[in-house]
Amino acid sequence: LVEQKSKDEL
Amino acid sequence: MNVFRLAGDLSHLLAIIILLLKIWKTRSCAGISGRSQILFALVYTTRYLDLFTNFISLYNSVMKVFFISTSCATIYLMYVKFKATYDHNHDTFRIGFLLIPVTILGLLINHDFTPLEVLWTFSIYLESVAILPQLFMVSKTGDAETITSHYLFCLGLYRALYIFNWIYRYYFEGFYDLIAIVAGVVQTVLYCDFFYLYVTRVIKGKALKLPA
């Protein structure tokens, strides 16, 4: 699991 | 995109449309906290700075433009057009008490210490507490118009649905973002007593009256 950034979310 | 996130975004969209309709139809912003609306405008303008630099999808861009433009329009309606109906006396929550801690937290706990990332983090933390002036105002006035409670319900529901979206993405996409999740949980928890009042009163056709 890689902690990613929810940049595709509003 | 998954059904929870889409439902969340649509609930958010509906909340903003309800608010604009309420102000426009009743030509009044009584019962609405202008301070919360200022915080929301700050949330969207600091979060969607990548609108022109980072194209994700048409849906994503259209929604960002919608949120930024409607939050600014709401402030115009409240502080300019229907200024006379703005309830200064009950909208007294000190937003400095929110902005300062949120700014400090955004500088301390973030994914990446770059301007865009810190602003995004600030926006996420701010959104989780942006509704406090509004909830404070409802508790001070002791009640809220039914249309205002529908607005608050949809607004609270949006981030609650996002929590299901994050659970879904964790199990099916191996994706998670702790900053967004923790802030989203805090934001949803802040609505809990309102949700209780909404379900037990407004749904049954009674007015939203807070226990005095």
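Note: Cβ is positioned from N, Cα and C throughout, glycine not excepted.
TrEMBL lists B:62-80 (among others) with the feature transmembrane segment. Listed by sequence, the residues of this chain that lie at least six past the ends of the transmembrane segment (B:62-80) yet keep a Cβ under 8 A from its Cβ atoms are 9, 12-13, 16, 19-20, 23-24, 29, 32, 34, 37-38, 40-41, 43-45, 48, 51, 86.
Per TrEMBL, the feature transmembrane segment maps to B:92-113 (among others).
Sequence annotations record features per position, and here TrEMBL assigns transmembrane segment to B:119-138 (among others).
Per TrEMBL, the feature transmembrane segment maps to B:150-168 (among others). Same-chain residues lying 6 or more positions outside the transmembrane segment (B:150-168) and placing a CB less than 8 Å from one of its CB atoms are 2, 4-5, 7-9, 11-12, 14-15, 18-19, 22, 127, 131, 134-135, 138, 144, 176-177, 180-181, 184-185, 187-188, 191, 194-195, 198, 202.
What TrEMBL lists as transmembrane segment is B:174-199 (among others). Long-range Cβ contacts of the transmembrane segment (B:174-199) within its own chain (Cβ-Cβ under 8 Å, at least 6 residues beyond either end) map to 109-111, 121, 124-125, 127-129, 131-132, 135, 138, 149, 152-153, 155-156, 159-160, 162-163, 166, 208, 210.
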